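Read the structure below first, then the notes.
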Amino acid sequence: MSSAIDNLFGNIDEKKIESSVDKLFSSSCGPINKLEVKSKTRTVLPDSKKRERAAEADQEEKEASKPDVSDEQTEEVALPKVKKAKKSKRNDEDEDLEARYYAKLLNEEAEAEDDKPTVTKTDETSVPLTSAAKKVDFKEDELEKAERTVFIGNILSTVITSKKVYKEFKKLFGTNPIAETEESGNEKEEESSKKSDNNEFAIESIRFRSISFDEALPRKVAFVQQKFHKSRDTINAYIVYKNKSAVRKICSNLNAVVFQDHHLRVDSVAHPAPHDKKRSIFVGNLDFEEIEESLWKHFEPCGDIEYVRIIRDSKTNMGKGFAYVQFKDLQSVNKALLLNEKPMKSQKQEDENTKKPTKKARKLRVSRCKNMKKGTTIGTGLDRNGLTDSQRTRAGRAKKILGKADRATLGQEITIEGLRAKKGEGSTHLKKKKQRSATGRVTKRSIAFKKAQAEKSKK
C-alpha cells in the first residue's frame, strides 16, 4: 500500500498519516460473492393486498355507475380484462398447497368407491331398470292350457243339435276309460274309484270347431239358427281338462273309438302323435265331399288304423281331394298299396233308402308318403334380437302349438295400468278416411250442386 502511494505522491511522513484512515485502506474485503447478492430477501409491504382489493372495489363502482347497454352491443364489445397483480412471493403462491393435496386424496377415494362393482338385481337379470315396467306376452297361460287340451276329430254334427248325444259325448270323455274295461269284484271299491277318477277327468270346457255352414252368414248367427252344411256332417272338438294327467290316458285309450258310428281321432294338442311316413300312405283322387268314415271302412281290412286325416280348406271346411292314412303296423302299408286304382264305396254317394250308389265310384290313387322338405317357418311379429335363450324357446314352442289369433299377438308388449300411452303403440282398428282430391270429378260435381242449391234458395 505504501509503495503505491509513494509512487503517486512521493515519500510521506508517517507521522502525518492518520491511523484510522490507514487501517481502513489496509484491510480489504476482497471480490464480491454473487450468491450472497441473490439470497437477499425482498421486503414486501403488508398493505399491498389491501391496496389491490380497494382498486377492484373502485373499478366495480365505476362499472355500476355506467349507463345500461343493449345485449347486442355487449356481445360485440368485450370488456377489458383486469390484470391480477402477481404475487410477490413463492410462499404466497403455495399457501393452500396442503389443503388442496388432502382434498385431492378425498376425491380419489370417493371415485374408487363409485367404481366398485355392486351386485344388484339389474346386474343379475341384465335388464335395464326402465324395462321393468314392460312385459312381453309369450302366451304362457295359453301354453299351460294347451297342456290340458285334447283334440277330437270326426265327430258327428248331431253333438251340437242333440242334447242326448252331447251328454253321451261328455260322459265318454269325462270318465276314466280304463275303469270301464276292467271288471272289479267289490262294488264299493268301484264307486270310490269312480269318484276319484271323476275328479281327475273333470272337464273345464268343450269347444267345437271346423263347422261348415250352408249360407254365407256370420258364424254366430248361422250357429244359432243351425244352418249347417248338408253334405258336411262331421266336426272337430277341443276338450280342456282341469288336470294335466288325464290327457295321456284319454289319448292312449280313446283313440279310434267308435262313437255314433264314427271312428274318433283323439290326440294331444301340446304333444301330438308323430307322423310316421313309413307307416302312412297318401290317398288321392277323393271327392271334395268325402268323409273320414269311408276311408276307415275301405282300409280297415289291411290292418289296424291309427288315424285318418282328410286335408280340408280352412274357410269352407270342405275337402281338397286327398288324405293321409296311418297304420299301427308297418306291414299294413304293403297291403294298402294293393288297393291302388281300385274304386271305393262312399257313404255320401249312396241313397239313404235304397243304399244304391248315386254316383260312379272313384278310383283311388294310393302311394307311399314321400320325404318332403320343410317349408318356410310361420312368421310372427316378434323381434327375437332382444330376447334371451329361454324366451326364444318359449316363443318357438308357442308358434307351433297356438292358433292363428294367438300367433298374431305373440311377443307384443302387455299394457300395464299406470303407463303413459305413446303415439304409434296402439292400433285404432279403424280405417282412416282418405282425403278427397281438390281437383277431382267428385269435388267439381259437389261444388256445382251447392251453387245450384244456393241459386234456387235465392229465387
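Even glycines carry a Cβ here, placed using N, Cα and C.
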Feature phosphoserine (Swiss-Prot), candidate list SER184, SER346, SER427, assigned to SER184
Pick from THR181, THR380, THR393: which one does Swiss-Prot list as phosphothreonine? THR181
Quick check on the record annotations: which of SER70, SER192, SER196 is tagged phosphoserine by Swiss-Prot? SER70
The average per-residue pLDDT within the domain 'RRM' (279-371) comes out at 88
